[in-house]
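Before any comments, here is the structure.
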Amino acid sequence: MSPEAVYEVLSKVTDPELGRNIVELGFVKDLSIEDGRIAFTLELTTPGCPLKETLTAQCREALLSAFPEVREVDIRVSARVRQDARIQERLSVPVKTVLAVGSGKGGVGKSTVTALLAHLFHRLGAKVGVLDADIYGPNIPRLLPPVQGPEAEGERIVPARTREGIVVMSVGFLVEEGQALVWRGPMLHSMLQSLITQVEWPVLDYLLLDLPPGTGDVQLSASQLLPLTGALLVATPHPLAQEDLRRGVDAFKRLSVPLLGVIENMAGEVWGEGLTARTAESLGIPFLGSIPLSREIAHAGVSGDFSFLDKGELPFRDVVEAVGSRVSVETYRLQG
Ligand SMILES: Nc1ncnc2c1ncn2[C@@H]1O[C@H](COP(=O)(O)OP(=O)(O)OP(=O)(O)O)[C@@H](O)[C@H]1O
Ligand SMILES: [Mg+2]
């Protein structure tokens, strides 16, 4: 049994989302074959990949049926988020992907969903940063309170860190709380530019960009300053919010930002659930899951305490996994 023969068998296993086989995708690493035992690492493209179980089961089955002499198949699973190459071409920051969180309308929970996704990705083992691009009304300092930083080092800024190690930068750290921020177009653009290029961003799998509501100057500046890997839209299931969602979709399309999909927020008894999924379908964009209107989330918005996520099974796993796999599909699409 040669490594080539093993690769040949493994190349029958396909990642259904990327539509290519796992050997061609470079998922198979550190292959070793000895005494009826095959061991390798399956390097997936997102932590907590929803396909983990299916893919490992398919690999094991394929190998056991192709090689009767094999007694044991040992598969370790790891994750490496792929680089959106455009980021390093344009900026010298070690950030792999940039995800903008936007909406057509204010108050739908963009900042809350940004902080929630940051915590969820972090808990799945990813390196996460958050850039508060809502420079008119920065809410990220309250949602992700830092225990350290930010600190100025000459011309450079070392970003803040939360207790968990989520990296955070916000204009809110630089001004007094409650102070109104009035920006003119060019100032706004250069402030955003500083937040991106003057900050010593560490290696990050996902940099989440919390946008202000609507479709204005910040969205335009952000899409000019950064290659955005994609946009996540947040919408509530309220009937009137569906028009805003359409506007949000239209705005990102005009800016040529790929739409990763829509997250429904504040679902539940008051506004129901499911309307956003139907709108997403009619607009031809992926629906990434639903987050309920909940006391715990509302409380986290005030206290910055997301420890409710640590009680038992990780909640909203479906949502963060859906986001992770859409990002990996997008980075592969960009590679061509
Ligand atoms: N799923 C939820 N359950 C309970 N409360 C929520 C939920 N999502 C958001 N909220 C609350 O709704 C309010 C608005 O949320 P948030 O500030 O995140 O919205 P936003 O879209 O970022 O607003 P803006 O457009 O002003 O930036 C906050 O008080 C927040 O705590
Ligand atoms: Mg906000």
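Including glycine, each Cβ sits where the backbone N, Cα and C put it.
Here is what TrEMBL says about this protein:
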type	residues	note
BINDING	GLY104, LYS105, GLY106, GLY107, VAL108, GLY109, LYS110, SER111	ATP binding site
DOMAIN	4-74	domain 'MIP18 family-like'
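Distribution of TrEMBL features across the structure.
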residue : record           : Cβ neighbours (10 Å)
GLY104  : ATP binding site : 23
LYS105  : ATP binding site : 20
GLY106  : ATP binding site : 12
GLY107  : ATP binding site : 10
VAL108  : ATP binding site : 25
GLY109  : ATP binding site : 23
LYS110  : ATP binding site : 27
SER111  : ATP binding site : 26
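A Cβ distance below 6 Å to any atom of ligand 2 is met, among the binding-site residues LYS105, GLY107, VAL108, SER111, by SER111.
Only GLY106, GLY107, VAL108, GLY109, in sequence order, out of the binding-site residues LYS105, GLY106, GLY107, VAL108, GLY109 have a CB under 6 Å from ligand 1. The residues near the ATP site, meaning same-chain residues not in GLY104, LYS105, GLY106, GLY107, VAL108, GLY109, LYS110, SER111 whose C-beta sits within 8 angstroms of the mean position of the site's C-beta atoms, are SER103, PRO213, VAL234, in sequence order. A mean pLDDT of 95 is what the model gives for the domain 'MIP18 family-like' (4-74).
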